[in-house]
């Protein structure tokens, strides 16, 4: 049996551009793609913290070191420059490997530069 687990997350990254008439997808600074282990053309989920929108698209490379997060195509109607979003990718993990699985959790500063990399979501407490 396989389970779908969180593989990668870029947490609270700011949208820098929205390009309605671009071909589609989400352009992500290549440094962040590498840190999160997200491949070009990989399916990603985007959760907009500002407005609650949730949608699925795919990742393309943005200029390395630029901090670029460009929401493109029809998805551009679901975000605005300055919105904080979470970008996530999932993987099918065999049941035997679930306990050993560690996601890549990337945290950024206000310029979308990586500040921290974690491999575990902390337990939520009251």
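Keep in mind that glycine also has a Cβ here, set from the backbone N, Cα and C atoms.
Marked as active site, schiff-base intermediate with substrate by Swiss-Prot: 25. Cβ neighbours within 10 Å of residue 25 (active site, schiff-base intermediate with substrate), excluding its own Cβ and spanning all shown chains: 19.
If you draw a 10 Å sphere around the CB of residue 58 (active site, proton donor), it holds 15 other CB atoms from the protein chains shown. According to Swiss-Prot, the active site, proton donor annotation covers 58, on the basis of sequence analysis.
Under DSSP, residue 74 (substrate binding site) is assigned to a helix (H, G or I) in the three-state scheme. The number of other Cβ atoms within 10 Å of the Cβ belonging to residue 74 (substrate binding site), over all protein chains shown, comes to 11. Among the features that Swiss-Prot reports, substrate binding site is placed at 57, 73, 74, 75.
The DSSP secondary structure for residue 25 (active site, schiff-base intermediate with substrate) is coil. The pyruvic acid (Ser) annotation in Swiss-Prot covers 25 and is backed by sequence analysis.
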* Judged by the number of other CB atoms within 10 angstroms, which among 57, 73, 75 is the least packed of the binding-site residues? -> 73
* To do: Measure from the Cα of residue 58 (active site, proton donor) to the Cα of every one of the recorded positions 25, 73, 74, 75, then give the nearest.
  => 25
* Work through the binding-site residues one by one (57, 74, 75) and name whichever has its CA nearest to the CA of residue 25 (active site, schiff-base intermediate with substrate). => 57
* To do: Write out, in the order they occur in the sequence, the residues of the chain not among 57, 73, 74, 75 that have a C-beta within 8 Å of the mean position of the C-beta atoms of the recorded substrate site.
  => 24, 25, 26, 55, 71, 72, 76, 77, 78
